[in-house]
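Beneath this line is the structure, given in structure tokens, with notes to follow.
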Amino acid sequence: MLRNYLTIAWRNILKDKFYSLINILGLTIGVTCGLLLLLYVTDELSFDRYHKKADQIYRIVSYITEPDKINKWQSTQPPLVTSLKRDYPFVENYVRFFPNGRVAFRQGEKRFYEEDVYAADSTVFDVFTHKFIEGDPKTALARPGSVVLTEKTARKFFGEGAALGQTLRTNDTTSYQVTGVIEDVPRNSHFTFNALLSLSPNERKADGWGGFYIVSYLVLPKNFDTSILESKFPQLYDKNMASIFKRMGIKITYQLQPLTSIHLYSKLDGEANGDISYVYIFSAVAFFMLLLASINYMNLATARSAKRSKEVGLRKVMGSLRSALMAQFLTESVLMTVLSLLLSLLFVALLLPFFNSVSGKEIQFRELIQPQFMLIALSIVVFTGFISGSYPAFYLSSFEPATVLKGSFNAKGGSFFRKTLVVVQFAISLIMLICTWIVYDQLNYMRDKDLGYDREQVLTIDYQDRQPRDRYNRLRSDLLANPNVRSVATASSPTSNIGGRVIFGVESNAGLKEMGFKPMGVDHDYLQTMGMKVVAGRAFSDKIPADTSNGVLVNQAAVKRMGWKEPLGKKVLLGGLPQAGQPAPPTALVVGVVKDFHQQSLYMPIEPMIMLYRPNNAVMHIKIDAKNADKTVEFIGQKWREIYPDHLFEYRFLDQDFESAYKADELRGRIFTAFSGLTILIACLGLFGLATFTTEQRVKEIGVRKVMGASVSSVVLLLSKDFTKLVLFSFPIAIPVAWYSMDRWLQHFPYKTDIGVWVFVLACVLTLLICWTTVVYQSIKAAIANPVKSLRSE
Amino acid sequence: MISLQNVSKYYPAGFGKTYVLRNITLDINEGEFVSIMGPSGSGKSTLLHILGMLEEPSEGEYLFFDQPVQKLSEKRRTELHRNYIGFVFQAYHLIDELTVYENIETPLLYKGMSSSERKSRVAELLDRFNMVAKKDLFPSQLSGGQQQLVGIARAVASQPKVIFADEPTGNLHSDHAKEIMDLFKKLNKEDGVTIVQVTHSEVNAEYGNRILRLKDGWLESFQVPSLERE
Ligand SMILES: Nc1ncnc2c1ncn2[C@@H]1O[C@H](COP(=O)(O)OP(=O)(O)OP(=O)(O)O)[C@@H](O)[C@H]1O
Ligand SMILES: [Mg+2]
């Protein structure tokens, strides 16, 4: 029986090629997108699961509550996990990562900067699972002066040769012996590094509870109730931290994050992670694309029902049960979807490189043909086939043989359902269109927003070490000799990312108080170099060197937070309130107020800030002319190498740095755009098929109308009218949904664009235009056809 | 075998109803060959559909092999269609997507026959109807008469007890019509299949042993067979 169904299904596919093409094309687009999104989602869900103890590892993070602010930091103090391990036997293991930032390694003549270098406890390879290419995980970081390299790093220095036992030297006369090479940290990891050092003596000894700068992980028993450990944190605070933080009104507690939930759920300060809501959003998009393709199928299948009605009647007369007929129609739709699955696999393979570049993932084709993934894909596809086929099956199998065979059958039935489906399709497409539009609006808004400074054509160079800074003045005057170098300055951090927070004693309206401010050391050229404005008082000047200890600048946010009416002359104690038995910290006065500028990406609000006058800071800012920029950069490099022959010349452009913060959102924006475009395409395919079909059905009516003198345009209008109505119906459904969801999405941003009415208007107009283009071809074709032909064929 | 008691059929019309069949009482015995005649719109097809259980009577009782048809479940009725009843239509109504062979095979599939049984049964029918050479053609590649032959082959494939034929020769030239009618006669005589046909042609009606005349839904006359012809 199944063979008979398959034969009929196959012959039907071949018989009406146009109809099959539209259906298979729609389903293929839907299934291809569905598979790609499924790959994306699977990848997002796979983060950190490759560790053997993934379900037992927890990251411990700090919640630092200041009187007016809660900070959530990824870092903790060094002695935290060691003391937990000592005090609580259920703590099975721990590992700490001490960030060493960017390290310049030297091996003979070869010198490279390695980003993301950490020193780690020797337990690191007990806790995390990394595959060793060379060396022994048990002993790799046991001895001081050891380094474990990732494969990529090892290749850089040693090529294809063995790295084990070789020596790498860092700038400051210390050297490390390579004790292991591991495979590169998989990209589905929340945390990545290029080299791990064994702890330095200082790091080994570190026992201060005042500084939060290391990342800590614990291994706890399986299915451990984390609240048991969390309940111990108040005691820990009282015992170790109260003496330092209590008088500042700072409370500290910790949170245990299961390793596998970090990537999608953790939202700590400055953390750029995945986001579970995007997993939901993309799953929903995948679902909608499949739904749209199914709707196409349902629409076309029911629209064509008249063609199948006779067969239904006959089969019933020959003794077919309704259920058998439903099975037959379902076989057809499932066959159709399975065909499109095969095509889709081909497309996915072809599109994968493109998808990776759009999404920033590195998904391999072999991940696609994993049996597990194929099983999911197949079940989704069969399910799609069932959904697509269910209504047509239900509808078609309901025909009464007596009616059908008498010939008094008309295909009017189901047309309400069909219209509803078209409205749903266009509503979904319109929602996607509006959302994409607003996402792009927001991204552009962030990119174009006035940051309060001029970020174009500014090079930043990070002095890695203290010692070369001596020669800064020479470099500065050499650079300024070039007319294309407009200005040179230094600051303690790059302007695109001013982090940190320091406690100052400040004069408030109720006496001296301790409060946290964003600190920044700048020289007298800085404000002018960056084009920042002073709104009250004056800037720092090399004529007033005493400002280094006597004067500070604050930003407007600081003035607002302190509630100062007259900010100039207010006292700022550089180092908190005086403590009994210690020399009083230097007291400076506010000499100027800087207009607010953005200190980090626009995901972060502007914070109160205190600028200190420091003539010689770590990050050089060089403003150059737009014209001849390449030459100027070359010139700067040449001067740099003259003055610092031992140091690599590495620079960044401030605006690029700034924009890199939006990469994740931009990538997601691009995926979203691609898929909303395809959603519209699927909907249009369906509409095209439906339009073709209805015009076919009305050929005779059109012929009669034309014989009676109807003009071409009136016929086109007649045929387009119905579809226009359907698209218009989708507007009131789509607009509120799109508005509501985008309003919620924008809540994530402290600085956001307004949702303009024109976005909705334009999106609606665009949708209508697309719909007309789709329908008009068929209508015109029908309208200009010779009426005699269609009438004679009866 | 077939027994109608005061069967009526009406459709709602406005506030009232229009009767298509009125008070029909009728018995057909196994082995009979009955012709139904009457002007267009008199309810012939409707009566045939009721007999073939494609439509339900509005009033009255219908016994098929002494079973009350109104009380049968859909499943049971489907079983009767599979094993007891065959249909032949004026417009042939073959499945366009299936070949001659497959069209004849379809009712056997529903009957649940094994594949080898099906093969021999279809082969036998093709042989008997002289269609062996045409077995892989599609209906659109056949003449009207050939299509109707396939239609009949399909109807008899499942070896039904009764065949209902609605103007089986309505679309055919008289030569073809005669061929088809002879075939019915043969089926009736040699295989003992009961045949109920609707026809507009007195000549074709004469093939039957009994003629029922319908007028405005009434069964008008009850003609006693004119004994053996030929
Ligand atoms: N679904 C229906 N609703 C209302 N009236 C119907 C319906 N089906 C059939 N009729 C009416 O019932 C009457 C009998 O129809 P039927 O098809 O049985 O006639 P017929 O005798 O077979 O005619 P013909 O010789 O033209 O085939 C007709 O007048 C027709 O209009
Ligand atoms: Mg009729």
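Positions of Cβ are set from backbone N, Cα and C atoms, glycine also.
All TrEMBL annotations are machine predictions without curation.
Residues or ranges marked as domain 'MacB-like periplasmic core' by TrEMBL: A:20-200, A:456-609. What TrEMBL lists as domain 'ABC3 transporter permease C-terminal' is A:284-401, A:674-787. Per TrEMBL, transmembrane segment is recorded for A:21-41, A:278-300, A:336-355, A:375-396, A:416-440, A:671-690, A:757-777.
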The domain 'ABC3 transporter permease C-terminal' (A:284-401) [mean pLDDT, rounded to integer]: 86
Leading stretch by Cβ pairs under 8 Å, where the reference is the domain 'ABC3 transporter permease C-terminal' (A:674-787) and the options are A:20-200, A:284-401, A:456-609: A:284-401
Contact set, same chain, for the transmembrane segment (A:375-396): CB under 8 Å, 6 or more residues outside the stretch: 27, 30-31, 34-35, 38, 290-291, 293-294, 297-298, 301-302, 305, 308-309, 312, 325-330, 332-338, 340-341, 413-414, 417
Other parts of the chain folded back onto the transmembrane segment (A:21-41), taken as Cβ under 8 Å at six or more residues beyond its ends: 279, 282-283, 285-287, 289-290, 292-294, 296-297, 300, 336-337, 339-341, 343-345, 347-348, 351-352, 355, 359, 361, 363, 367-368, 373, 376-377, 380-381, 384, 388, 671, 675, 678, 681-682, 685-686, 688-689
Composition by DSSP (helix, strand, coil) of residues within the domain 'ABC3 transporter permease C-terminal' (A:284-401): 102 helix, 0 strand, 16 coil
The domain 'ABC3 transporter permease C-terminal' (A:674-787): DSSP-derived helix, strand, coil residue counts: 97 helix, 0 strand, 17 coil
